[in-house]
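Working notes, structure below.
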Amino acid sequence: MLLLLVSVIVALALVAPAPETQEKRLQVAQAPNVVLVASDSFDGRLTFQPGSQVVKLPFINFMRARGTTFLNAYTNSPICCPSRAAMWSGLFTHLTESWNNFKGLDPNYTTWMDVMEKHGYQTQKFGKLDYSSGHHSISNRVEAWTRDVAFLLRQEGRPIINLIPDKNRRRVMDKDWQNTDKAIAWLRQVNSTKPFVLYLGLNLPHPYPSPSSGENFGSSTFHTSLYWLEKVAYDAIKIPKWLALSEMHPVDYYSSYTKNCTGKFTENEIKNIRAFYYAMCAETDAMLGEIILALHKLNLLQKTIVIYTSDHGEMAMEHRQFYKMSMYEASAHVPILMMGPGIKANLQVPSLVSLVDIYPTMLDIAGIPLPLNLSGYSLLPLSSNTSANDQAFRVHHPPWILSEFHGCNANASTYMLRTGQWKYIAYSDGTLVQPQLFDLSLDPDELTNIATEFPEITYSLDQQLRSVINYPKVSASVHRYNKEQFIMWKQSVAQNYSNYIAHLRWHQDWQKDPRKYENAIQRWLAIHSSPPTHSPLSLVHQWLTTHSSPIAVDNKKTFSSYT
């Protein structure tokens with residue numbers, strides 16, 4: 001940079017930058033390197049006690065001891081693409097309209113990595129990104145509309161396990177290991193005289209596809225080797241409590257049914273699914289460890305801030321579900337750990353944070369001024385031991401986090417406000433579906449909905465949620481989007497529509513009576529685009545009592561544009 005400035009001055013070909021611009025570039029040149037490792041479906045509760053006792057995670061424990069662990073970190077949308085869109089944009093889901101796994105950020109959206117590159121950072125990405133639109137299957141483009149149509153179809157295979165009986169088989173998820181190797185190779189050749197930012201996206205511990213369940217039937221196989229399974233403390237695995245099907249919240253019942261989890265499961269099945277999931281987490285930890293070890297061997301560890309996080313968690317049979325797509329802790333709670341120069345060691349931070357905080361944190365690390373329109377806040381003040389920094393965070397960061405979900409496998413747009421001891425979950429327009437309220441200090445398993453017992457608290461939290469997001473308007477907007485997308489898709493496939501629709505993820509149920517389901521879709525398309533006026537609660541009840549086929553709901557949209 002200095003040579004460039006000298007040549008500019010000597011040649012008089014360009015106007016020299018202002019002194020403050022030169023100062024900022026010099027600050028960036030002296031800034032630390034950053035490595036962000038983001039996995040998929042990692043339950044954040046495994047990064048601290050007591051969850052960390054169930055599986056050996058040596059490199060996460062290494063980061064805990066030498067850095068900061070955020071004890072209450074949450075996804076802003078518990079599904080892959082929208083959550084990653086929040087992380088890469090620093091904005092809530094409804095602000096970018098990243099509604100589902102098909103609809104994310106625009107391809108040319110300016111991410112934090114783009115900003116850091118513009119300010120002089122060397123940048124590189126490997127592995128799973130999944131934050132922009134159009135990268136998922138047709139199913140993900142059109143599946144969300146099923147919540148608005150009067151049928152209830154299983155959209156996933158029943159969760160199963162698959163073991164490689166090899167105590168020496170360490171590399172199970174080949175694609176992730178290959179990307180880890182690529183990241184390490186890049187570190188070996190990077191110019192260490194300039195700061196760099198490296199991103200590694202891992203697929204694990206996301207469940208694997210289940211071809212035995214049929215074409216396009218989701219990913220419901222928990223797959224590992226004996227090498228990793230031996231890292232799990234089997235006796236420490238907790239069998240989650242379930243409500244009876246008749247007692248479940250209607251949205252939870254819909255999710256459990258579409259995820260193919262309403263059948264009978266033995267305790268041994270449940271325990272094995274959870275054990276295999278934890279083993280997949282152990283393999284994830286090992287890849288994080290390879291990056292940390294490479295930084296150490298290259299004498300870069302002391303110059304590099306390492307951040308580990310995940311897009312969302314994994315239900316692993318809690319609340320009779322697997323996958324994510326829920327506001328329960330298993331799905332919504334994510335890991336965020338940081339270590340490196342300037343990061344306080346062995347610090348546990350109880351403040352509520354979320355993935356939108358990654359964007360301002362990355363810029364803050366680089367010394368780059370933060371945009372004023374971000375939904376998130378830098379986590380750097382919380383990683384220090386000085387009370388002044390912590391107080392500064394508390395003054396600016398609101399004492400709540402927002403998460404929202406608009407994708408498939410749930411029959412209502414869902415909004416979660418997490419604040420203090422409370423978790424408040426609202427659905428649809430706030431009237432069609434009853435809300436949920438949990439006191440996490442007394443009910444960490446979230447089994448007792450106390451919304452009707454504490455109406456004043458419920459009302460207060462709902463008003464607070466509405467001050468953050470006009471969720472009835474957002475829900476209506478998503479409802480319109482779902483219908484528009486389905487109509488566009490139906491027109492694009494023309495005469496092949498029936499064949500395509502029969503091979504989406506619900507095809508096994510669909511083929512039992514395709515004419516009935518096609519007629520249900522036609523009735524839905526015939527009505528205008530306003531949200532339905534009937535309650536998913538009544539439809540689920542009708543299905544349970546008559547074994548016919550109902551469900552309904554609506555969806556959402558933006559805060560700034562929809563207030």
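Each residue, glycine too, has its Cβ placed from N, Cα and C.
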Query raised in the report: So Swiss-Prot lists ASP40, ASP311, HIS312 for Ca(2+); which of CYS80, CYS81 goes with them?
Result: CYS80
Query raised in the report: What's the CA-CA gap between CYS80 (Ca(2+) binding site) and ASN108 (N-linked glycosylation site) in angstrom, rounded?
Result: 19
Query raised in the report: Within 8 Å of the Cβ centre of ASP40, CYS80, ASP311, HIS312, which other residues of the chain have their Cβ, at the recorded Ca(2+) site?
Result: SER41, THR75, PRO78, ILE79, SER83, ARG84, ASP130, HIS206, SER310, LYS324
Query raised in the report: Listed recorded positions are ASN108, ASN191, HIS249, ASN373, ASN411; which of them have CA atoms within 10 A of the CA of ASP311 (Ca(2+) binding site)?
Result: none
Report summary line: For the glycosylation sites listed (ASN108, ASN373, ASN411, ASN496), most other Cβ atoms within 10 Å of the Cβ sits at ASN411
Query - Those recorded positions, out of ASN108, HIS249, ASN260, ASN373, ASN411, ASN496, that come within 10 angstroms of ASP40 (Ca(2+) binding site) at the Cα - result: none
Report summary line: What DSSP gives for ASN496 (N-linked glycosylation site), in three states, is helix
Query - Residue among recorded positions LYS128, HIS249, ASN373 with Cα closest to the Cα of ASN191 (N-linked glycosylation site) - result: LYS128
